[in-house]
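> Questions regarding the structure given below will be posed in turn.
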Amino acid sequence: MSSTTDASAGRAQIAERTLRTDRWWLPPLATLVGLSAWVIYATVRVFLQQWYFVPDHNYLSPFYSPCISYGCVPEAAHFGRVLPDLPWLPYAAVSLPFLLLFRLTCYYYRKAYYRSFWASPPACAVAEPHRRYTGETRFPLLLQNAHRYFFYIALIITVINTYDAIKAFQNADGSLGFGLGNIILVVNVVLLWIYTVSCHSCRSIIGGRLNHFSRHPLRYRLWGLVSRLNTRHMEWAWITLATLAITDFYIMAVSAGWFADPRIIN
Amino acid sequence: MSYWAHFRVWRGDSEKGELVDYPAEVNEGEVVLDIIHRLQQTEAGDLAVRWNCKAGKCGSCSAEINGRPRLMCMTRMSTFEPDEVITVTPLRTFPVIRDLVTDVSFNYTKAREIPSFAPPPDLAPGEYRMQQVDVGRGQEFRKCIECFLCQNVCHVVRDHEENKQAFAGPRFFIRLAELEMHPLDVGDRTEAAQDEHGLGYCNITKCCTEVCPEHIKITDNGIIPMKERVVDRKYDPLIWLGNKIRRRR
Amino acid sequence: MAQSTEIERHAYDVVVIGAGGSGLRAAIEARARGKRVAIISKSLFGKAHTVMAEGGCAAAMGNVNPNDNWRVHFRDTMRGGKFLNDWRMAELHAKEAPDRVWELETYGALFDRTEDGKISQRNFGGHTYPRLAHVGDRTGLELIRTLQQKIVSLQQEDHRATGDYESGIRVFHECTITELFKADGRIAGCFGYFRDDGRFVRFDAPAIVLATGGIGKSYSVTSNSWEYTGDGHALALRAGATLINMEFLQFHPTGMVWPPSVKGILVTESVRGDGGVLRNSEGKRFMFDYIPEVFREQYATTEEEGDRWYTDPDDNRRPPELLPRDEVARAINSEVKAGRGSPHGGVFLDVSTRLKPEEIIRRLPSMHHQFKELADVDITAEPMEVGPTCHYVMGGIEVDPDTAMSTVPGLFAAGECAGGMHGSNRLGGNSLSDLLVFGRRAGLGAAEYADSLGTRPAVEQDTVTAAANRAMLPFSSATDGGENPFVVQLELQKTMHELVGIIRKADEMETALKKLEGIAARARTVRVSGHREFNPGWHLALDLRNMLLVSLCVAKAALERQESRGGHTRDDFPVMDSEWRNVLLVCSASVGGEDSDDPVEIVRKEQVRMRSDLFDLFDLDELKKYYTGEELDGHRADGASSGEAKQ
């Protein structure tokens, strides 16, 4: 099936699809498990349509931001309510699809799921099971090239998340408040910023597409900054998955009354 | 400090072949290529292997060691357990000539298809002025020693012989990137990168970067920036519209 | 065993044997003159030994220090070679090197830059000013890749014009040439085999450029790759050409000494150029004890002055770590012999105390990588252990400086396999520029020679048959009791290393000559198993023939020269002798032929007197250290004060 084990093109006749002796299957398996677990958690949470807001401290889960459904509690709807309240329509239905697409077309996640979900290839120098392969040359994978648009939208959504995080410093009564939840929200939003601007498309837009850095010193410096962040794009991708889930879970827990938010100020 | 290791070396040609077991003496500080040479000097005088510098600078001794594409001269024996079986096979993406030697002419054919450096017509030799920051990216790609491990590991051609026609491979994507980022080059290869050299086949699974003995960030610094430049040119309606309007004026 | 006896046949205007820097540059030039060119390479296209050059390419562009010019470069080169150089070659080299480097930029090379965007230049041993164009410490790779890509671009041009990539230049790689053909005393073609399937091939060509590099594989500790078996030297000898200066071998002072499997691999001189210091086991910077009289004025005598030079080169003298390579290699050798060596028999080269780790990784990335990967040594934190390694042969085919033609019409040579340019010792950085300058001249010379011929000499059929038979000899002469060719090669390497190595003695060399005779006999009956398809045993059996011939030239010339100069050090004649400065030793094939007891002979030849305008570039006082009384007649002024006067 794979040319690797097929000697008809004059290649060395070796029947094994790989001679690797290490546990090459472990990283794709871990990725598969990790991503699946996150998707299941996120799906459940998004359709749960409750425990997404802590009114006392203005904590809003990132999975519900911006909350623009008529199902949202008015205090959580920072940007008004426009969507009908339907059980199959997430409250943040305007942002979630784009966040999903931003991550789906992300150059790191593409590597991750092509390897772990598609086995194309499962690991380096391990033959893949597919008969044909055309990569990203045709529809639908050609659409991966739209990544930069989802990046632009992700920027806007990250601004909204930032607004949420700042808003959370204000208690329901308007007084200044600061608790563990604030720390979690701020850490989450900072990491979201890092993940978003460390994007490969951003790196190209900010300066990578230039051929003469010396003529654009400011863009060169920004490119240098983004490049440094970009080398850890994979790490940011996983860290932000974790912080998103943790933030949401924390807010769920406080909102459901499983435990109280430890307060530092008010 | 020496011990006997268990080697399995693929012997054969394009007709047939098999893994042959050899016990081999290993001394402190040796690399896999030393052991292959020792086999030549002792029990396998006609064992075919390609090598030159033995210092990781020429990229000749590419092979697959325990299934992983490596340079034999840069794979130290100390990375293996003494009782580990060490399997050495030729590169599996290219036709085998004999034993560990493969026919890598695919790469030379592809090299000829990449339009060369196009010098600025108005500059004489000696008048070139380039800033270090502008040549830095190209210099990274020019570290390439053409060991073709990236070409070998890339599943696009490794697993799909039929893609060899349409796909230039990682080594030549960084060549394209180098030329496109050259501060004085006047050529334009961006659209051709997608249409003629098969950049779109790459699904950025990064095995090329993983195996590169020069640690060139092939994917992050070469292929993805080229993909983004292709998007600029072919798939970004805003830029397309902008260029259209600018040209009208 | 023997497959087809058919011989593939090709005809070209110019055949270039060797695809390193000089071969590729020669091919580019010949093609530019409208010739159809074949490039023949023992290894894959782009893998030539040139990739191993690290430090840089010397060219007096004056980008970093504007005081530099060709005259300074010329003087440095002559001094480095102890005035034994072919001065005309040194002159052409110094004058043309900048153009050759600038030309590379038009081919797409990306050198490191200065602040104002010019090609940056670095310091190196023996060079008065920062002069080496470089790319980190992988300059050779840049050079070979640039030339390779230029050839590809010419092939693309040809493709646009003719529809065939190979109509103007064709590369035959993994092909070894074993014989040159002559007819009527002129070159007519050559014969060889393809390494992959062992098929034979003949090229009919009136002009052949030898660009095969060096001979280091005849030594056990060498920075050279397997290809360096002296093929060009031996082919030329057998074709009736002459070799000069074969006694001069450069032992690079800094090769790796540990682990054993990498012993000899080069540690670039840039380490010292960028501040690395040499210390013995007592922690002493011993080079200060080894500044020879002739260099006393140019080098720092205290560590403080040497240290200041890195930041203020105009007011201080350079540290003695940057003496020419022969001096440093001998000094290291003496330290180790005196028991002040490092644990693995070298000395310590330390750059970690002089530069910040980031700076080391930026300036010396390959060295950092090489030590990390091969020796598990982090050069940003620890010293390296280094010792001398056989690196370069100054000797080579005797050629006309302007056309690069040997004494055989139609046979040209360039690069390391040509002799004369570097005299008794080559300065670091002068080989890459040598490749470019004389590669181009050889290509030009070959093209013009081919044009000048009325009718081309025809290859005689019986010479072809003889060549094919000779190539098959290892199979037919192999006896069951014959030795493994690899074992014979090790014996040869050991003999040359121990008896005709860095320090030489008459009796040892006489022993070596006797041993070589025995090795030659054993080499004729080595056991070669298998068939002609990519058979390294067979390849080596054929290469051994060249290695033996060249080793004989080295040993005989070394025995003949009774003085120490540059890359030739005699324990029994430890000083430089002005009487010998004028003497070139010329090696040629003896009448008895290759299989006789005495295959090569050495004759003395007088060096051509230096042109007076070049002679006047030197101070009389300096010349007095090298020249004998009457040779100094006609210098511009008696005791004239400054060599700068003529600039």
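Note: Cβ is positioned from N, Cα and C throughout, glycine not excepted.
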> Which one of C:T229, C:T268, C:T455 goes with C:H252, C:H391, C:R426 at the substrate site, as TrEMBL has it?
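Answer per TrEMBL: C:T268.
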> Report the DSSP secondary-structure composition of the compositional bias 'Basic and acidic residues' (C:307-322) as helix, strand and coil residue counts.
8 helix, 1 strand, 7 coil
> When DSSP states are folded down to helix, strand and coil, where does C:T268 (substrate binding site) land?
coil
> Sort out the residues at least 6 away from either end of the compositional bias 'Basic and acidic residues' (C:307-322), same chain, that have Cβ-Cβ distances under 8 Å to it, and list them.
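Non-local partners: 65, 123-126, 129-130, 272-273, 275-278, 285, 287-288, 290-291, 297-301, 328.
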> In terms of DSSP three-state secondary structure, what is the assignment for C:H252 (substrate binding site)?
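DSSP call for C:H252 (substrate binding site): strand.
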> Across the domain 'FAD-dependent oxidoreductase 2 FAD-binding' (C:13-432), what does the pLDDT come to on average, as a whole number?
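Value for the domain 'FAD-dependent oxidoreductase 2 FAD-binding' (C:13-432), mean pLDDT as a whole number: 95.
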> Through the lens of DSSP with three states only, how would you label C:S43 (FAD binding site)?
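It is coil.
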> Write out which of the listed recorded positions, namely C:S43, C:K47, C:V51, C:G55, C:H252, C:R325, lie with a C-beta under 8 A from a C-beta of chain B, sequence order kept, or 'none'.
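Cβ contacts with B, in sequence order: C:S43, C:K47, C:V51.
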> Binding-site residues C:H252, C:T268, C:R426: which have a Cα within 10 Å of C:R325 (active site, proton acceptor)?
C:H252, C:R426
> My list of binding-site residues is C:G18, C:S43, C:K47, C:H391, C:R426; which of them have a Cβ under 8 Å from any chain A Cβ, in sequence order?
none
> C:T268 (substrate binding site) to C:K47 (FAD binding site): how many Å between their Cα atoms?
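Given the Cα positions, C:T268 (substrate binding site) is 19 Å from C:K47 (FAD binding site).
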> Which one of the binding-site residues (C:S22, C:S43, C:T268, C:S431) has its C-beta surrounded by the most other C-beta atoms within 10 angstroms?
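Ranked by Cβ atoms within 10 Å, first place goes to C:S22.
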